[in-house]
Amino acid sequence: MEGFQGALPGTDEAFWSSVVKRWSDACETVVSLRRELKEAQEESRCHQQSLRESRARETELLRQQCELKEECRRFRGDSESLLQEKAALLHSQTQSTASGQPDGNPADKTRDADREVERVNHECSAIKEQLSVSREKILALNNEIKALQEEKKTIEENNCVLTQTNVRLETELTRSRSEYDALKAELQELGRQNQQLRADCLVHTQQLEDLTARLSESESQRGAFDAEFAARSEELRTLKSAATVYKQEISSLRDELVSLRDKLSKSSDTNKTLLDNFTKLNAKLREQALAHGDPQTPRHPPPTALKEEGNSAGLNAQDGRAGSRMFIGPATSPLHDKTPSTSQAALQQTTVQATSPWPVSTPIPDARQQSLAELVQYVPDIDPVDCRFRRGLLASAIGGGIQSLIVRATQSRTELAKSHNISTYLCPALELNPWCPTSPGQHGYMFVGLGQERTTFQEPQAGLNLFVGYSRCHGRPKEYRYLGVYTAVRVANLTVGEWNTLSGEVKYSYASTTKDKNKDPRSVEQILAAYDKGQLTVPCVRLQCTDYNDILYASLSVVAAQLTPAEHGPSPSRSTRVAGKRRRDDLEPDQASSRTTRRATLQDRPRAD
């Protein structure tokens, strides 16, 4: 018990007390069981000794009984022989008396016979007394034998009980010894743990002293830390105030941006109206010039005018890449002298502001905008120079087709696609997806989920490169701008209120696309009415920018720079294109079968000679 001297650091006193109590109880139980076992064994030996003595006494009594029985038989035989002799004597006396021939002295013989009879009677009496005594002894011995047998039976029963008790005590003793050994081993282990705990306690005490010393040193630095913390807290409060101000400014700027987008949309509509008016005015003036029959009026604009128009279109395309507006002047032709000078001056001075090649997307509702604002904003570090690609270039450089919005480049994957692990990429157009992102790093939505695309993006799908298509300008094919790597996931469909925020052109185009993709037998107007009533809803997929693959963008730019205009994707001339029609490879898949352009093409009409 040396291991339990003193306090036990880090242990429960109740636990140790219970262990010691159990150990002492087990020791006392072992001692008492040993004492009871010894007493039981001693009692068993006494019973066995008395049993052996009773058996020996019983044997001796049986032997004496046999001797008495033998003696009784001998006495009986002697008495019978005496009785026979007496009977023979009496018979002889009777015969002698009857015959009258006395044989000697009768008186003597009679006296002898009487004495003999008395002797025999006396012996018989003695034998009877001995026989009675023997019978009493035999009866006593029988009773004693019965008592001994009863005692023997009792002793055997007691012996059996003692044997069972002995076995039980031996079993309990064995179990107690096992418990004793286990407790002893546990006590030794606890003693070893106690020693280890004492050593650990010394180590911890030393560490505590070291920590106390370090704490004393840290207390001296606490004042400086508190002052620094107060300064940082004040700075944090200042930053929070500034952040609140910035958020308010961002909110106001966002509202201003929405207002500017609305104004720009209205300006675009005005520009379209002015352009249509200008086209009609130009055609009317040309018809007036032709009606006057001026032989010097050329059938087509001069080559210089066409060249200037081409240069103007190229310049405007470059300006459009920076998001600027472009102004288009008419290709004027000489008028007859009789044409009023005021009309000619108005024609020469009229300028029309056309739509930007980067269309302004429809403002996203506040609830959807708030959902995008909660996402992590990714700001890519890229060159502001913009480069756009046609679907033909993307198909040849990456793989896949030129029709689908969700392009799966599996069988036609190029080495460029394999090096960037591209198997699927997205090519939505702003014409049918006005909530799409318009700049790298921006989040947005696209309307995908009609027909076979109903089950797409049920789970978030990451690593999708996004190319957003913009409407062609002045006969140029549609071009796509790379915006980065996005994660797409399906969200709630558009509500009726959100549907009503879309422009009429987008609504009509989407209703036409619904008719084609869903194989709906209803007319476009009926489908449009179903959307207006909420019977049909527009599926919506959220696009979250997570990365920008500048290496892929640089590779596509190099490929685009190396290709000739014909390889990049030829654009038909104005004289060979039909007014109001679009090229098949310029159409979005949602528009390819149903959408036709609503913008008139400015062209010259040749007059027959």
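Quick reminder: no glycine exception, Cβ is built from N, Cα and C everywhere.
Keep in mind the model is a prediction, meaning the values are calculated, not measured.
Now, the feature entries from TrEMBL:
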COILED    30-57  coiled coil
COILED    131-270  coiled coil
COMPBIAS  91-102  compositional bias 'Polar residues'
COMPBIAS  106-117  compositional bias 'Basic and acidic residues'
DOMAIN    389-556  domain 'DUF6697'
REGION    90-117  region 'Disordered'
REGION    290-314  region 'Disordered'
REGION    565-609  region 'Disordered'
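When Cβ-Cβ distances below 8 Å are used as the criterion, the coiled coil (30-57) is approached by residues 148, 151-152, 155-156, 158-159, 162-163, 165-166, 169-170, 172-173, 176-177, 180 of the same chain, each at least six residues removed from its ends. Within its own chain, the compositional bias 'Basic and acidic residues' (106-117) is flanked in space by residues 85-86, 89-90, 93, 96, which lie at least six positions past its ends and keep a Cβ under 8 Å from the stretch.
When pLDDT values are averaged over the coiled coil (30-57), the model yields 85.
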